[in-house]
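A quick write-up on the structure given underneath.
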Amino acid sequence: MLLSDLSSDQEATGSNSHGGGGGDRMVVGSHGAAHVVLSNLFLPPAAAAAATMLLPAAPVMVRPAAMAAAQEPRAKKKRSLPGNPDPEAEVIALSPRALVATNRFVCEVCNKGFQRDQNLQLHRRGHNLPWKLRHRAAAVSAVTTAAPAPRKRVYVCPEPTCVHHDPARALGDLTGIKKHFSRKHGEKRWRCERCGKRYAVHSDWKAHVKNCGTREYRCDCGILFSRKDSLLTHRAFCDALAEESARLLAAANNSSSITTTTCNNSNISSNNNNNNINSISNSNNLLITSSSSSPPLFLPFSTTPAENPNPNQLLFLQQHQAAHHQLLLPQFQQPPSSPPAYFDHLAFGGGGGVITGSSCNDDNSSIAGDVMVAAGGDSVSFGLTSEGSVTMHAGDVGRRRLTRDFLGVDHDAGEVDELELDELPADLSTTAAACQGCNFAAATTAACCATDFTTGSRQYLGRLPPVNETWSHNF
């Protein structure tokens with residue numbers, strides 16, 4: 001299709017492909033024929049420049065002032081605060097009985113009550129009874145005469161102690177003053193059956209019952225909340241309480257651990273002395289420990305045996321490496337003192353004794369290190385084998401055993417199996433006599449249950465359990 005055909009069709013119909021009158025340009029050819037050029041691309045360069053100069057200026061769009069004002073952010077109108085009435089308003093004080101009265105206006109036909117007379121008048125129309133609605137005097141006076149507008153009414157609370165009892169803080173709505181008096185000063189007569197919450201205003205109760213139980217917000221402590229903001233407020237206090245409880249518990253645990261270590265270290269310092277103790281040889285009840293350089297022995301008595309009514313205490317020997325020496329307080333690193341009272345109790349009161357030594361002057365001694373021998377009527381006996389390991393024997397055959405199962409590993413009798421006495425080497429009885437001239441001294445390693453001194457590893461012979469952190473933090 002030629003451009004001339006397109007132009008003739010548009011002239012006949014009066015249409016424009018671009019929808020605007022100024023979109024197409026009329027160009028007159030050399031033969032007088034009019035042509036409509038849809039775009040400057042169809043013209044030669046000289047003609048395109050001339051056509052551009054002939055174009056009218058583009059119209060300038062001007063926004064109306066109303067549209068400009070509509071798009072600008074409008075300042076939100078603030079609601080008047082409750083209790084700040086118009087100074088020109090009429091102040092009305094109703095009695096508490098009038099505020100709490102319900103259904104004051106009753107229909108004489110069906111005995112249905114209404115809170116306002118206007119509602120009763122509208123109800124009377126259904127019974128074909130005469131009814132009359134009260135009109136404001138302003139509506140009547142506006143038609144007849146130019147009377148002034150009526151004053152606005154505000155209501156004060158009848159409770160003298162209430163903040164809204166002051167006319168300057170009166171409420172401007174009759175329904176509002178009624179609900180205020182019921183909520184703040186009235187009886188809460190409506191109770192929720194789900195949560196037990198009570199309300200003084202029936203509409204408040206209905207709104208609560210509608211949503212109660214539909215949404216639950218549970219705290220980690222188990223308390224349920226129906227509102228998220230209540231949960232967030234509670235969680236702030238709950239988390240703070242949990243952190244405080246955890247901090248106090250950690251402090252209590254640290255204090256208990258320090259107290260146990262201090263008590264044990266006090267027993268160590270009391271055992272370090274340079275006095276020799278006479279040995280009481282008892283082949284059935286011996287407590288012997290040995291090491292290359294013997295440490296102070298841990299005898300964790302809660303009280304001394306003289307104060308403890310149970311003379312059959314289970315003695316635990318704990319191991320302290322050189323790395324733990326800084327735990328000893330300066331008060332426990334004092335010059336050695338006299339033997340403690342419970343050594344005398346073991347030696348003379350229970351038919352046994354304790355012998356400790358730092359070095360044996362006797363060349364016949366087979367123990368390379370310090371030796372401690374404890375003997376009693378019922379005690380735990382240790383023995384050093386020829387291979388360099390320590391064995392344990394508890395009590396005599398036929399007597400009550402002292403190796404109680406405090407950790408609960410033996411569910412049958414509550415006690416740990418004993419080692420036979422004949423498993424101990426025969427030269428243990430001579431060890432005590434060989435070490436009578438030994439002195440008390442500090443050491444670096446003590447045996448617990450059974451220790452292999454050649455490899456440095458612990459061996460638990462029989463069914464003796466390892467001591468957990470309740471007894472000592474070193475095991």
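Using the three backbone atoms N, Cα and C, a Cβ is placed for every residue, glycine included.
Since we're looking at a predicted model, the values are computed, not measured.
The feature motif 'Nuclear localization signal 1', as given by Swiss-Prot for the ranges 19-26, 123-130, 267-274, sits at 123-130. Swiss-Prot assigns the feature zinc finger to residues 105-127, out of the candidate ranges 105-127, 335-357, 358-380. Feature zinc finger, per Swiss-Prot, maps to range 190-213 of the set 190-213, 310-333, 406-429. When the alpha carbons of CYS192 (Zn(2+) 1 binding site) and CYS219 (Zn(2+) 2 binding site) are compared, the span between them is 22 angstrom. Confidence across the motif 'Nuclear localization signal 2' (177-184), taken as the mean pLDDT and rounded to a whole number, stands at 93.
Rounded to a whole number, the distance between the Cα atoms of CYS195 (Zn(2+) 1 binding site) and CYS219 (Zn(2+) 2 binding site) is 17 Å. Note: CYS238 (Zn(2+) 2 binding site) has non-local neighbours CYS219, ASP220, CYS221, i.e. same-chain residues 6+ apart with C-beta under 8 A of its own C-beta. Between the C-alpha atoms of CYS195 (Zn(2+) 1 binding site) and HIS234 (Zn(2+) 2 binding site), the distance comes to 17 Å. Reported as a whole number, the C-alpha separation between HIS234 (Zn(2+) 2 binding site) and CYS212 (Zn(2+) 1 binding site) equals 18 Å.
Distant neighbours of the motif 'Nuclear localization signal 1' (123-130): 107, 109-110, 112, 114; these residues of the same chain sit at least 6 beyond its ends, with a Cβ under 8 Å from one of its Cβ atoms.
Residues 94, 96, 99-100, 155-159, 162, 164, 171, 200-201, 203-204 of the same chain lie 6+ residues outside the motif 'Nuclear localization signal 2' (177-184) yet bring a C-beta within less than 8 angstroms of a C-beta in it.
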